[in-house]
Amino acid sequence: MATVGTEEKNPIGSASNTAEPNVTEPQKQYASGFKLTIIVISLCLSLFLCGLDQTIITTAVPIITNDFKAIEDVGWYTTAYLLTTSSFQIAYGKLYTTLSVKMILLMALAIFELGSIICAAAPNSTTLIVGRAIAGLGAAGIFPGSTLVLVHAAPMERRPALLGITTGMFGIASLCGPFIGGAFADGASWRWCFIINVPLGVITAVIVTFFVFTPVDPLYAEWTFKDKLAYAKIPEILVLVAALVCLVLGLQWGGTTYAWSDGRIIALLVVFAVLTTAFLVLQVLLPKSRTIPTSIVKNRNIWFASIFALCSSGAMFIAVTYLPIYFQAIKNASALSSGVNVMPLILGFLVMSIISGVITNTTGYYNPSMFLCTILASVGAGLVSTFDVGTPQPKWIGYQALLGFGIGFGLQQPIVCAQHVLDERDVPFGVAFINMMQMLGGAIFVAVSQNVFLNGLANGIAEALPGFNTHKIIEGGLTDFKNLFTSDQLPKAIPVYAHVLGQVFLIATGLCVGTLLGSLGVQWRSVKKAKVTEDQADVERK
(Lines of atoms letter the chains of each structure in order from A and count residues from 1; the text may use other names and numbers.)
(Lines give C-alpha, C1' and ligand atoms only; values in the text may rest on other atoms or scores of the structure.)
Protein backbone atom coordinates (compact mmCIF):
# COMPACT_ATOMS: atom_id res chain seq x y z
CA MET A 1 0.00 0.00 0.00
CA ALA A 2 1.42 3.36 -1.00
CA THR A 3 2.04 5.93 1.70
CA VAL A 4 2.67 9.63 1.80
CA GLY A 5 6.07 10.92 0.78
CA THR A 6 9.08 10.94 3.08
CA GLU A 7 8.85 14.64 3.67
CA GLU A 8 5.38 14.20 5.15
CA LYS A 9 6.04 11.12 7.23
CA ASN A 10 9.11 12.19 9.20
CA PRO A 11 8.87 15.51 10.95
CA ILE A 12 11.75 16.18 13.33
CA GLY A 13 13.49 14.57 16.22
CA SER A 14 14.16 10.91 16.84
CA ALA A 15 11.43 9.67 14.56
CA SER A 16 12.88 11.51 11.61
CA ASN A 17 16.20 9.74 12.13
CA THR A 18 14.70 6.31 12.57
CA ALA A 19 14.10 3.95 9.69
CA GLU A 20 10.46 3.33 8.98
CA PRO A 21 9.42 0.12 10.74
CA ASN A 22 8.54 -2.87 8.66
CA VAL A 23 4.91 -3.18 9.59
CA THR A 24 2.76 -6.03 8.34
CA GLU A 25 -0.77 -4.78 8.06
CA PRO A 26 -3.38 -7.09 9.59
CA GLN A 27 -6.55 -7.86 7.76
CA LYS A 28 -8.92 -4.96 8.14
CA GLN A 29 -11.68 -5.69 10.66
CA TYR A 30 -14.84 -3.61 10.34
CA ALA A 31 -17.65 -3.16 12.82
CA SER A 32 -21.07 -4.64 12.17
CA GLY A 33 -24.47 -5.09 13.75
CA PHE A 34 -25.08 -3.39 17.09
CA LYS A 35 -21.56 -1.98 17.38
CA LEU A 36 -21.72 -0.32 13.97
CA THR A 37 -25.15 1.07 14.85
CA ILE A 38 -23.83 2.64 18.06
CA ILE A 39 -20.87 4.11 16.19
CA VAL A 40 -23.11 5.61 13.52
CA ILE A 41 -25.35 7.06 16.25
CA SER A 42 -22.34 8.75 17.86
CA LEU A 43 -21.30 10.19 14.50
CA CYS A 44 -24.83 11.41 13.88
CA LEU A 45 -24.83 13.14 17.26
CA SER A 46 -21.50 14.85 16.63
CA LEU A 47 -22.58 16.09 13.20
CA PHE A 48 -25.99 17.05 14.58
CA LEU A 49 -24.17 19.24 17.09
CA CYS A 50 -22.17 20.98 14.37
CA GLY A 51 -25.10 21.26 12.00
CA LEU A 52 -27.27 22.78 14.70
CA ASP A 53 -24.59 25.32 15.61
CA GLN A 54 -24.21 26.43 12.01
CA THR A 55 -27.88 27.21 11.41
CA ILE A 56 -29.41 27.83 14.82
CA ILE A 57 -27.93 31.32 14.86
CA THR A 58 -29.20 32.33 11.42
CA THR A 59 -32.69 33.33 12.51
CA ALA A 60 -31.35 34.93 15.70
CA VAL A 61 -28.78 37.15 13.96
CA PRO A 62 -31.22 40.01 13.25
CA ILE A 63 -32.19 40.13 16.93
CA ILE A 64 -28.53 39.86 18.01
CA THR A 65 -27.62 42.82 15.80
CA ASN A 66 -30.53 44.76 17.28
CA ASP A 67 -29.32 44.03 20.84
CA PHE A 68 -25.70 44.91 20.14
CA LYS A 69 -26.46 47.65 17.56
CA ALA A 70 -24.00 45.95 15.23
CA ILE A 71 -25.41 45.48 11.74
CA GLU A 72 -21.82 45.71 10.47
CA ASP A 73 -21.08 42.41 12.25
CA VAL A 74 -23.88 40.46 10.55
CA GLY A 75 -21.41 38.41 8.54
CA TRP A 76 -18.84 38.01 11.29
CA TYR A 77 -20.99 35.69 13.38
CA THR A 78 -20.76 33.18 10.54
CA THR A 79 -17.36 34.12 9.11
CA ALA A 80 -15.46 33.89 12.42
CA TYR A 81 -16.80 30.38 12.95
CA LEU A 82 -16.04 29.24 9.41
CA LEU A 83 -12.62 30.89 9.30
CA THR A 84 -11.20 28.83 12.16
CA THR A 85 -13.12 25.77 11.05
CA SER A 86 -11.56 25.92 7.59
CA SER A 87 -8.03 26.96 8.59
CA PHE A 88 -7.39 24.12 11.01
CA GLN A 89 -8.84 21.28 8.92
CA ILE A 90 -5.42 20.14 7.67
CA ALA A 91 -3.81 20.41 11.12
CA TYR A 92 -6.54 18.16 12.49
CA GLY A 93 -6.05 15.84 9.53
CA LYS A 94 -2.40 15.38 10.46
CA LEU A 95 -3.22 14.92 14.14
CA TYR A 96 -5.81 12.31 13.21
CA THR A 97 -3.17 10.50 11.15
CA THR A 98 -0.58 10.10 13.91
CA LEU A 99 -2.69 10.14 17.08
CA SER A 100 -5.86 8.40 18.22
CA VAL A 101 -8.87 9.58 16.21
CA LYS A 102 -11.00 9.09 19.29
CA MET A 103 -8.74 11.25 21.50
CA ILE A 104 -8.54 14.12 19.02
CA LEU A 105 -12.30 14.00 18.43
CA LEU A 106 -12.95 14.31 22.17
CA MET A 107 -10.51 17.24 22.35
CA ALA A 108 -12.32 18.95 19.49
CA LEU A 109 -15.65 18.46 21.26
CA ALA A 110 -14.22 20.08 24.42
CA ILE A 111 -12.98 23.15 22.48
CA PHE A 112 -16.35 23.43 20.78
CA GLU A 113 -18.12 23.39 24.13
CA LEU A 114 -15.82 26.13 25.48
CA GLY A 115 -16.62 28.38 22.53
CA SER A 116 -20.34 27.78 22.99
CA ILE A 117 -20.15 28.79 26.66
CA ILE A 118 -18.32 32.02 25.75
CA CYS A 119 -20.99 32.83 23.16
CA ALA A 120 -23.78 32.19 25.64
CA ALA A 121 -22.26 34.62 28.14
CA ALA A 122 -21.09 37.27 25.61
CA PRO A 123 -21.73 40.85 26.86
CA ASN A 124 -21.03 42.42 23.46
CA SER A 125 -20.67 41.63 19.78
CA THR A 126 -16.87 41.31 19.89
CA THR A 127 -16.97 38.64 22.61
CA LEU A 128 -19.61 36.74 20.67
CA ILE A 129 -17.39 36.77 17.58
CA VAL A 130 -14.43 35.47 19.63
CA GLY A 131 -16.60 32.69 21.04
CA ARG A 132 -17.74 31.77 17.54
CA ALA A 133 -14.11 31.55 16.44
CA ILE A 134 -13.25 29.20 19.33
CA ALA A 135 -16.31 27.05 18.62
CA GLY A 136 -15.20 26.90 14.99
CA LEU A 137 -11.78 25.68 16.08
CA GLY A 138 -13.47 22.75 17.81
CA ALA A 139 -15.84 22.11 14.91
CA ALA A 140 -12.81 21.90 12.61
CA GLY A 141 -11.91 18.64 14.32
CA ILE A 142 -15.43 17.28 14.65
CA PHE A 143 -16.16 17.24 10.90
CA PRO A 144 -13.17 15.14 9.73
CA GLY A 145 -13.05 13.13 12.96
CA SER A 146 -16.58 11.86 12.50
CA THR A 147 -15.86 10.89 8.90
CA LEU A 148 -12.64 9.10 9.84
CA VAL A 149 -14.38 7.07 12.52
CA LEU A 150 -16.66 5.85 9.74
CA VAL A 151 -13.61 4.96 7.60
CA HIS A 152 -12.32 2.77 10.46
CA ALA A 153 -15.73 1.25 11.14
CA ALA A 154 -17.26 0.47 7.73
CA PRO A 155 -16.00 -1.10 4.46
CA MET A 156 -15.82 1.04 1.33
CA GLU A 157 -19.02 -0.25 -0.28
CA ARG A 158 -21.08 0.73 2.78
CA ARG A 159 -19.52 4.15 3.34
CA PRO A 160 -21.53 6.16 0.76
CA ALA A 161 -24.86 5.10 2.26
CA LEU A 162 -23.65 5.57 5.85
CA LEU A 163 -22.11 8.90 4.92
CA GLY A 164 -25.49 9.82 3.48
CA ILE A 165 -27.10 8.99 6.83
CA THR A 166 -24.59 11.02 8.86
CA THR A 167 -24.73 13.90 6.40
CA GLY A 168 -28.50 13.60 6.56
CA MET A 169 -28.30 14.00 10.33
CA PHE A 170 -26.30 17.15 9.73
CA GLY A 171 -29.16 18.18 7.48
CA ILE A 172 -31.75 17.39 10.15
CA ALA A 173 -29.83 19.61 12.56
CA SER A 174 -29.67 22.27 9.89
CA LEU A 175 -33.41 21.88 9.40
CA CYS A 176 -34.13 22.18 13.12
CA GLY A 177 -31.58 24.94 13.70
CA PRO A 178 -33.43 27.94 12.24
CA PHE A 179 -36.68 26.84 13.88
CA ILE A 180 -35.08 26.30 17.31
CA GLY A 181 -33.02 29.47 17.04
CA GLY A 182 -36.08 31.50 16.12
CA ALA A 183 -38.06 30.02 19.00
CA PHE A 184 -35.29 30.88 21.46
CA ALA A 185 -34.86 34.40 20.07
CA ASP A 186 -38.59 35.16 20.22
CA GLY A 187 -39.53 33.30 23.39
CA ALA A 188 -36.54 33.21 25.74
CA SER A 189 -33.19 34.60 24.62
CA TRP A 190 -30.86 34.12 21.67
CA ARG A 191 -28.24 32.98 24.23
CA TRP A 192 -30.04 29.64 24.44
CA CYS A 193 -28.84 29.01 20.88
CA PHE A 194 -25.44 28.32 22.46
CA ILE A 195 -26.47 26.98 25.86
CA ILE A 196 -28.18 24.04 24.13
CA ASN A 197 -24.79 22.87 22.81
CA VAL A 198 -23.53 22.03 26.29
CA PRO A 199 -25.77 19.02 27.14
CA LEU A 200 -25.67 17.76 23.54
CA GLY A 201 -21.88 17.89 23.56
CA VAL A 202 -21.65 16.02 26.86
CA ILE A 203 -23.92 13.22 25.60
CA THR A 204 -21.88 12.92 22.41
CA ALA A 205 -18.59 12.78 24.34
CA VAL A 206 -19.88 10.02 26.62
CA ILE A 207 -20.95 7.83 23.68
CA VAL A 208 -17.66 8.39 21.85
CA THR A 209 -15.69 7.58 25.01
CA PHE A 210 -17.34 4.23 25.68
CA PHE A 211 -18.29 2.91 22.24
CA VAL A 212 -15.79 4.19 19.67
CA PHE A 213 -12.43 2.47 19.17
CA THR A 214 -9.90 3.77 16.64
CA PRO A 215 -6.41 2.22 16.69
CA VAL A 216 -3.38 4.39 15.98
CA ASP A 217 -1.69 3.64 12.66
CA PRO A 218 1.26 1.30 13.49
CA LEU A 219 3.40 3.25 11.02
CA TYR A 220 3.59 6.06 13.59
CA ALA A 221 3.79 3.92 16.74
CA GLU A 222 7.47 4.72 17.37
CA TRP A 223 7.04 8.47 17.01
CA THR A 224 7.22 10.60 20.15
CA PHE A 225 4.36 12.91 21.03
CA LYS A 226 6.60 15.89 20.19
CA ASP A 227 7.21 14.49 16.71
CA LYS A 228 3.51 13.87 16.17
CA LEU A 229 2.67 17.42 17.26
CA ALA A 230 5.36 18.85 14.97
CA TYR A 231 3.85 16.83 12.12
CA ALA A 232 0.66 18.92 12.44
CA LYS A 233 2.64 21.99 11.27
CA ILE A 234 0.81 24.39 13.61
CA PRO A 235 3.15 27.39 12.96
CA GLU A 236 2.62 27.04 9.20
CA ILE A 237 -1.13 26.81 9.76
CA LEU A 238 -1.04 30.04 11.77
CA VAL A 239 0.58 31.78 8.79
CA LEU A 240 -2.38 30.65 6.69
CA VAL A 241 -4.86 31.75 9.37
CA ALA A 242 -3.29 35.20 9.56
CA ALA A 243 -3.46 35.51 5.77
CA LEU A 244 -7.14 34.55 5.69
CA VAL A 245 -8.00 36.93 8.52
CA CYS A 246 -6.40 39.80 6.58
CA LEU A 247 -8.34 38.80 3.46
CA VAL A 248 -11.67 38.60 5.26
CA LEU A 249 -11.11 41.90 7.09
CA GLY A 250 -10.22 43.58 3.82
CA LEU A 251 -13.28 42.18 2.06
CA GLN A 252 -15.65 43.13 4.87
CA TRP A 253 -14.29 46.59 5.67
CA GLY A 254 -13.55 47.70 2.11
CA GLY A 255 -16.10 50.22 0.89
CA THR A 256 -18.09 50.18 4.15
CA THR A 257 -16.04 50.93 7.25
CA TYR A 258 -13.18 52.30 5.14
CA ALA A 259 -12.84 53.28 1.49
CA TRP A 260 -11.15 50.76 -0.81
CA SER A 261 -8.36 53.30 -1.30
CA ASP A 262 -7.80 53.64 2.45
CA GLY A 263 -4.31 52.67 3.58
CA ARG A 264 -5.70 50.17 6.10
CA ILE A 265 -7.56 48.21 3.44
CA ILE A 266 -4.58 48.27 1.11
CA ALA A 267 -2.31 47.13 3.96
CA LEU A 268 -4.63 44.23 4.82
CA LEU A 269 -4.70 42.99 1.23
CA VAL A 270 -0.92 43.42 0.85
CA VAL A 271 -0.27 41.48 4.06
CA PHE A 272 -2.65 38.78 2.81
CA ALA A 273 -0.64 38.51 -0.42
CA VAL A 274 2.69 38.43 1.44
CA LEU A 275 1.59 35.79 3.96
CA THR A 276 -0.03 33.66 1.26
CA THR A 277 3.18 33.82 -0.76
CA ALA A 278 5.18 32.86 2.33
CA PHE A 279 2.88 29.91 2.94
CA LEU A 280 3.24 28.71 -0.66
CA VAL A 281 7.03 29.12 -0.52
CA LEU A 282 7.09 26.91 2.58
CA GLN A 283 5.12 24.26 0.69
CA VAL A 284 7.42 24.30 -2.35
CA LEU A 285 10.92 24.95 -1.01
CA LEU A 286 10.83 23.41 2.46
CA PRO A 287 9.55 19.81 2.33
CA LYS A 288 9.75 19.41 6.11
CA SER A 289 7.43 22.40 6.52
CA ARG A 290 4.98 21.15 3.92
CA THR A 291 1.42 21.28 5.24
CA ILE A 292 -0.33 19.65 2.30
CA PRO A 293 1.02 16.17 1.37
CA THR A 294 2.51 15.68 -2.08
CA SER A 295 0.02 12.92 -2.84
CA ILE A 296 -2.83 15.43 -2.53
CA VAL A 297 -1.10 18.28 -4.33
CA LYS A 298 -0.55 16.03 -7.37
CA ASN A 299 -4.06 14.52 -7.39
CA ARG A 300 -6.26 16.33 -9.92
CA ASN A 301 -9.43 14.78 -8.54
CA ILE A 302 -8.85 16.34 -5.12
CA TRP A 303 -8.32 19.79 -6.60
CA PHE A 304 -11.42 19.69 -8.77
CA ALA A 305 -13.45 18.22 -5.91
CA SER A 306 -12.15 21.09 -3.76
CA ILE A 307 -13.34 23.67 -6.29
CA PHE A 308 -16.74 22.00 -6.26
CA ALA A 309 -16.79 21.98 -2.45
CA LEU A 310 -15.71 25.64 -2.21
CA CYS A 311 -18.45 26.85 -4.55
CA SER A 312 -21.34 24.66 -3.38
CA SER A 313 -20.67 25.30 0.29
CA GLY A 314 -20.23 29.03 -0.27
CA ALA A 315 -23.62 29.19 -1.97
CA MET A 316 -25.26 27.23 0.85
CA PHE A 317 -23.87 29.47 3.59
CA ILE A 318 -24.97 32.61 1.76
CA ALA A 319 -28.48 31.20 1.49
CA VAL A 320 -28.82 30.13 5.14
CA THR A 321 -27.37 33.45 6.33
CA TYR A 322 -29.42 35.88 4.25
CA LEU A 323 -32.75 34.12 3.66
CA PRO A 324 -33.85 34.58 7.31
CA ILE A 325 -32.90 38.25 6.97
CA TYR A 326 -35.12 38.48 3.89
CA PHE A 327 -38.11 37.01 5.69
CA GLN A 328 -37.68 39.11 8.84
CA ALA A 329 -36.81 42.43 7.19
CA ILE A 330 -38.90 42.23 4.00
CA LYS A 331 -41.75 39.88 4.88
CA ASN A 332 -42.08 41.10 8.51
CA ALA A 333 -41.75 37.54 9.84
CA SER A 334 -40.75 36.84 13.43
CA ALA A 335 -37.52 34.98 14.13
CA LEU A 336 -39.51 31.78 14.66
CA SER A 337 -41.54 32.25 11.48
CA SER A 338 -38.41 32.94 9.45
CA GLY A 339 -37.04 29.63 10.70
CA VAL A 340 -40.15 27.90 9.40
CA ASN A 341 -39.92 29.78 6.11
CA VAL A 342 -36.39 28.55 5.31
CA MET A 343 -37.35 24.91 5.86
CA PRO A 344 -37.91 24.26 2.13
CA LEU A 345 -34.22 24.97 1.58
CA ILE A 346 -32.98 22.82 4.46
CA LEU A 347 -35.49 20.02 3.89
CA GLY A 348 -34.58 19.86 0.21
CA PHE A 349 -30.92 19.61 1.16
CA LEU A 350 -31.65 16.89 3.72
CA VAL A 351 -33.70 14.69 1.39
CA MET A 352 -31.27 14.87 -1.51
CA SER A 353 -28.16 14.34 0.62
CA ILE A 354 -29.58 10.95 1.61
CA ILE A 355 -30.81 10.11 -1.88
CA SER A 356 -27.46 11.04 -3.42
CA GLY A 357 -25.72 8.60 -1.07
CA VAL A 358 -28.05 5.84 -2.21
CA ILE A 359 -27.47 6.77 -5.87
CA THR A 360 -23.70 6.65 -5.42
CA ASN A 361 -23.95 3.35 -3.57
CA THR A 362 -26.16 1.88 -6.33
CA THR A 363 -24.40 3.17 -9.45
CA GLY A 364 -20.89 3.18 -8.05
CA TYR A 365 -20.30 6.75 -9.30
CA TYR A 366 -20.51 10.10 -7.50
CA ASN A 367 -20.25 12.18 -10.70
CA PRO A 368 -23.98 12.13 -11.62
CA SER A 369 -24.91 13.72 -8.30
CA MET A 370 -22.31 16.44 -8.85
CA PHE A 371 -23.79 17.36 -12.24
CA LEU A 372 -27.31 17.33 -10.79
CA CYS A 373 -26.09 19.70 -8.09
CA THR A 374 -24.69 22.11 -10.68
CA ILE A 375 -27.89 22.18 -12.73
CA LEU A 376 -30.52 22.30 -9.97
CA ALA A 377 -28.63 24.61 -7.61
CA SER A 378 -27.79 27.11 -10.37
CA VAL A 379 -31.42 27.37 -11.43
CA GLY A 380 -32.67 27.46 -7.84
CA ALA A 381 -30.23 30.16 -6.73
CA GLY A 382 -31.04 32.24 -9.80
CA LEU A 383 -34.74 32.08 -8.96
CA VAL A 384 -34.08 32.95 -5.31
CA SER A 385 -32.25 36.09 -6.46
CA THR A 386 -35.58 37.35 -7.88
CA PHE A 387 -37.18 37.56 -4.41
CA ASP A 388 -38.72 40.97 -3.80
CA VAL A 389 -41.30 42.60 -1.56
CA GLY A 390 -44.23 40.94 -3.31
CA THR A 391 -42.89 37.43 -3.95
CA PRO A 392 -45.79 35.03 -3.18
CA GLN A 393 -45.49 32.03 -0.89
CA PRO A 394 -45.59 29.30 -3.59
CA LYS A 395 -42.60 30.87 -5.32
CA TRP A 396 -40.39 31.36 -2.28
CA ILE A 397 -41.15 27.80 -1.18
CA GLY A 398 -40.48 26.22 -4.56
CA TYR A 399 -37.38 28.24 -5.38
CA GLN A 400 -35.78 27.47 -2.02
CA ALA A 401 -36.59 23.78 -2.36
CA LEU A 402 -34.97 23.63 -5.79
CA LEU A 403 -31.80 25.24 -4.43
CA GLY A 404 -31.80 22.81 -1.50
CA PHE A 405 -32.27 19.83 -3.83
CA GLY A 406 -29.28 20.89 -5.89
CA ILE A 407 -26.87 21.51 -3.03
CA GLY A 408 -28.03 18.35 -1.26
CA PHE A 409 -27.14 16.27 -4.31
CA GLY A 410 -23.57 17.49 -4.35
CA LEU A 411 -22.35 18.60 -0.95
CA GLN A 412 -21.11 15.19 0.26
CA GLN A 413 -19.71 13.97 -3.07
CA PRO A 414 -16.25 15.63 -2.76
CA ILE A 415 -15.72 13.74 0.51
CA VAL A 416 -16.73 10.44 -1.11
CA CYS A 417 -14.32 11.27 -3.93
CA ALA A 418 -11.46 11.88 -1.48
CA GLN A 419 -12.09 8.55 0.25
CA HIS A 420 -12.08 6.78 -3.10
CA VAL A 421 -9.15 8.29 -5.02
CA LEU A 422 -6.63 8.38 -2.16
CA ASP A 423 -4.68 5.68 -0.39
CA GLU A 424 -6.21 4.93 3.01
CA ARG A 425 -3.35 6.61 4.89
CA ASP A 426 -3.91 9.77 2.83
CA VAL A 427 -7.67 9.83 3.43
CA PRO A 428 -7.38 11.94 6.63
CA PHE A 429 -5.53 14.64 4.69
CA GLY A 430 -7.93 14.45 1.79
CA VAL A 431 -11.05 14.65 3.95
CA ALA A 432 -9.52 17.50 5.95
CA PHE A 433 -8.60 19.37 2.78
CA ILE A 434 -12.10 19.01 1.33
CA ASN A 435 -13.68 20.10 4.61
CA MET A 436 -11.30 23.07 4.70
CA MET A 437 -12.41 24.17 1.25
CA GLN A 438 -16.08 23.79 2.19
CA MET A 439 -15.73 25.96 5.28
CA LEU A 440 -13.41 28.40 3.51
CA GLY A 441 -16.05 28.86 0.82
CA GLY A 442 -18.51 29.94 3.48
CA ALA A 443 -16.02 32.21 5.29
CA ILE A 444 -14.88 34.06 2.17
CA PHE A 445 -18.16 34.41 0.34
CA VAL A 446 -20.24 35.33 3.37
CA ALA A 447 -17.68 38.11 3.88
CA VAL A 448 -18.04 39.13 0.24
CA SER A 449 -21.83 39.03 0.60
CA GLN A 450 -21.71 41.23 3.69
CA ASN A 451 -19.68 43.80 1.77
CA VAL A 452 -22.12 43.74 -1.15
CA PHE A 453 -25.05 43.95 1.26
CA LEU A 454 -23.79 46.90 3.32
CA ASN A 455 -22.43 48.83 0.35
CA GLY A 456 -25.55 48.21 -1.70
CA LEU A 457 -27.85 49.16 1.16
CA ALA A 458 -26.03 52.41 1.91
CA ASN A 459 -25.76 53.43 -1.74
CA GLY A 460 -29.33 52.38 -2.52
CA ILE A 461 -30.81 54.32 0.39
CA ALA A 462 -28.71 57.37 -0.51
CA GLU A 463 -30.10 57.23 -4.06
CA ALA A 464 -33.70 56.57 -3.04
CA LEU A 465 -33.68 59.10 -0.19
CA PRO A 466 -31.28 61.96 -1.02
CA GLY A 467 -29.88 63.59 2.10
CA PHE A 468 -30.58 60.62 4.38
CA ASN A 469 -27.75 59.86 6.84
CA THR A 470 -26.79 56.31 5.79
CA HIS A 471 -24.40 55.92 8.74
CA LYS A 472 -27.47 55.38 10.91
CA ILE A 473 -28.14 52.14 9.03
CA ILE A 474 -24.67 50.76 9.77
CA GLU A 475 -25.02 51.65 13.45
CA GLY A 476 -28.38 49.91 13.85
CA GLY A 477 -29.75 46.39 13.64
CA LEU A 478 -31.00 44.31 10.73
CA THR A 479 -34.70 44.64 11.47
CA ASP A 480 -35.02 47.71 13.67
CA PHE A 481 -33.64 49.78 10.78
CA LYS A 482 -37.28 50.42 9.88
CA ASN A 483 -37.50 52.71 12.89
CA LEU A 484 -34.98 55.00 11.18
CA PHE A 485 -37.46 56.00 8.48
CA THR A 486 -40.63 58.05 8.47
CA SER A 487 -43.87 56.60 7.17
CA ASP A 488 -43.24 58.38 3.86
CA GLN A 489 -39.66 57.12 3.55
CA LEU A 490 -40.26 53.47 4.47
CA PRO A 491 -42.06 52.46 1.22
CA LYS A 492 -38.98 53.62 -0.68
CA ALA A 493 -36.47 51.99 1.68
CA ILE A 494 -37.92 48.46 1.80
CA PRO A 495 -37.62 47.79 -1.97
CA VAL A 496 -33.98 48.91 -1.79
CA TYR A 497 -33.38 46.39 0.99
CA ALA A 498 -35.01 43.62 -1.07
CA HIS A 499 -33.02 44.55 -4.19
CA VAL A 500 -29.73 44.43 -2.29
CA LEU A 501 -30.58 40.98 -0.91
CA GLY A 502 -31.23 39.89 -4.49
CA GLN A 503 -27.70 40.98 -5.38
CA VAL A 504 -26.38 38.88 -2.52
CA PHE A 505 -28.23 35.83 -3.84
CA LEU A 506 -26.72 36.47 -7.28
CA ILE A 507 -23.34 35.74 -5.69
CA ALA A 508 -24.71 32.36 -4.64
CA THR A 509 -25.94 31.83 -8.20
CA GLY A 510 -22.47 32.48 -9.59
CA LEU A 511 -20.98 30.00 -7.14
CA CYS A 512 -23.47 27.31 -8.14
CA VAL A 513 -22.54 27.82 -11.78
CA GLY A 514 -18.88 27.61 -10.72
CA THR A 515 -19.40 24.06 -9.45
CA LEU A 516 -19.51 23.02 -13.12
CA LEU A 517 -15.72 23.28 -13.27
CA GLY A 518 -15.40 20.78 -10.43
CA SER A 519 -18.04 18.48 -11.94
CA LEU A 520 -16.20 18.38 -15.27
CA GLY A 521 -12.76 17.94 -13.74
CA VAL A 522 -13.40 14.97 -11.43
CA GLN A 523 -12.69 11.67 -13.17
CA TRP A 524 -15.30 8.93 -13.44
CA ARG A 525 -14.15 6.10 -11.17
CA SER A 526 -16.35 3.38 -9.75
CA VAL A 527 -16.58 2.98 -5.99
CA LYS A 528 -17.53 -0.65 -6.61
CA LYS A 529 -14.17 -1.31 -8.26
CA ALA A 530 -12.53 -0.04 -5.10
CA LYS A 531 -14.42 -2.72 -3.18
CA VAL A 532 -13.04 -5.42 -5.49
CA THR A 533 -9.51 -4.11 -5.00
CA GLU A 534 -10.00 -4.02 -1.23
CA ASP A 535 -11.21 -7.63 -1.19
CA GLN A 536 -8.24 -8.73 -3.32
CA ALA A 537 -5.86 -7.01 -0.91
CA ASP A 538 -7.44 -8.88 2.01
CA VAL A 539 -6.98 -12.18 0.17
CA GLU A 540 -3.32 -11.39 -0.50
CA ARG A 541 -2.73 -10.63 3.19
CA LYS A 542 -4.18 -14.02 4.09
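For all residues, glycine too, the Cβ spot is worked out from N, Cα and C.
Taken from Swiss-Prot, the feature region 'Disordered' covers 1-24.
Per Swiss-Prot, the feature compositional bias 'Polar residues' maps to 13-24.
Residues annotated as N-linked glycosylation site in Swiss-Prot: ASN22 (among others).
Annotation comment: Swiss-Prot describes 32-52 (among others) as transmembrane segment, evidence class sequence analysis. Cβ atoms under 8 Å from those of the transmembrane segment (32-52) belong to residues 105, 109, 112, 139, 142-143, 145-146, 149-150, 153-154, 162, 165-167, 169-174, 176-177, 180, 196-197, 200-201, 203-204, 207-208, 211-212 of the same chain, restricted to positions at least 6 beyond its ends.
Cβ atoms under 8 Å from those of the transmembrane segment (75-97) belong to residues 53-54, 57, 61, 64, 104, 108, 125, 128-130, 132-137, 139-141, 143-145, 148, 217, 220, 228-229, 231-234, 237, 240-241, 244-245, 248, 252, 291-292, 317, 321, 425, 428-429, 431-433, 435-440, 442-443, 446-447, 449-450, 453 of the same chain, restricted to positions at least 6 beyond its ends. Look at Swiss-Prot and you will find 75-97 (among others) tagged as transmembrane segment.
Feature annotation from Swiss-Prot assigns transmembrane segment to 103-123 (among others); the stated evidence is sequence analysis.
In sequence order, PHE68 constitute the residues six or more apart from ASN124 (N-linked glycosylation site) in its chain with CB-CB distances below 8 Å. In this structure, ASN124 (N-linked glycosylation site) belongs to neither helix nor strand by DSSP; it is coil. The annotation N-linked glycosylation site is assigned in Swiss-Prot to ASN124 (among others).
Residues or ranges marked as transmembrane segment by Swiss-Prot: 133-153 (among others). Sequence-distant contacts of the transmembrane segment (133-153) (same chain, six or more residues past either end, CB-CB distance under 8 Å): 30-31, 36, 39-40, 42-43, 46-47, 49-50, 53, 80-89, 91-93, 95-96, 101-102, 104-105, 107-116, 118-119, 159, 162-163, 166, 197, 212, 214-215, 415, 419, 424, 427-428, 431-432, 435, 439.
Feature annotation from Swiss-Prot assigns transmembrane segment to 161-181 (among others).
As annotated by Swiss-Prot, transmembrane segment applies to 234-254 (among others), with the evidence given as sequence analysis.
Positions annotated as transmembrane segment by Swiss-Prot: 265-285 (among others).
Same-chain neighbours of the transmembrane segment (307-327): 54-55, 58-59, 61-62, 74-75, 78, 82, 174, 178, 182, 333, 335, 337-339, 341-342, 345-346, 349, 370, 373, 377, 381, 384, 387, 400, 403, 407, 410-411, 413-414, 434, 437-442, 444-446, 449, 453, 478, 498, 501, 504-505, 507-509, 511-512, 514-515, 517-519, 521-522, counting only residues six or more beyond its ends whose CB sits under 8 Å from a CB of the stretch. Positions annotated as transmembrane segment by Swiss-Prot: 307-327 (among others).
Swiss-Prot lists ASN332 (among others) with the feature N-linked glycosylation site, giving sequence analysis as the kind of evidence. Taken residue by residue with DSSP, ASN332 (N-linked glycosylation site) is part of neither helix nor strand, so it is coil.
Sequence annotations record features per position, and here Swiss-Prot assigns transmembrane segment to 339-359 (among others).
Among the features that Swiss-Prot reports, N-linked glycosylation site is placed at ASN361 (among others), with the record citing sequence analysis. Taking the Cβ of ASN361 (N-linked glycosylation site) as reference, residues of its chain lying under 8 Å away and at least six apart in sequence are, in sequence order, GLU157, ARG158, PRO160, ALA161, GLY164, VAL527.
Sequence annotations record features per position, and here Swiss-Prot assigns transmembrane segment to 370-390 (among others). Remote same-chain partners of the transmembrane segment (370-390), defined as residues 6 or more beyond its termini with a Cβ less than 8 Å from a stretch Cβ, comprise 308, 312, 315, 319, 323, 326, 330, 356, 396, 398-411, 413, 494-495, 498-499, 501-503, 505-506, 508-509, 511-513, 515-516, 518-519, 522.
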Long-range environment of the transmembrane segment (427-447) - Cβ separation under 8 angstroms, sequence gap at least 6: 4, 75, 78-79, 82-83, 85-87, 89-90, 92-94, 96-97, 136, 140, 143-144, 147-148, 151, 244, 247-248, 251-252, 292-293, 295-296, 299, 302, 305-307, 309-318, 321, 411, 414-415, 417-419, 421, 507-508, 511
ASN361 (N-linked glycosylation site) - helix vs strand vs coil (DSSP): helix
For the transmembrane segment (161-181), sequence-distant contacts whose Cβ falls under 8 Å of one of its Cβ atoms, 6 or more beyond its ends: 40, 43-45, 47-60, 146-147, 150, 154, 190, 193, 196, 320, 324, 335-336, 338-340, 342-343, 346-347, 349-350, 353-358, 360-361, 408, 411-412, 415-416
Neighbour tally for ASN332 (N-linked glycosylation site), based on other Cβ positions within 10 Å of its Cβ: 12
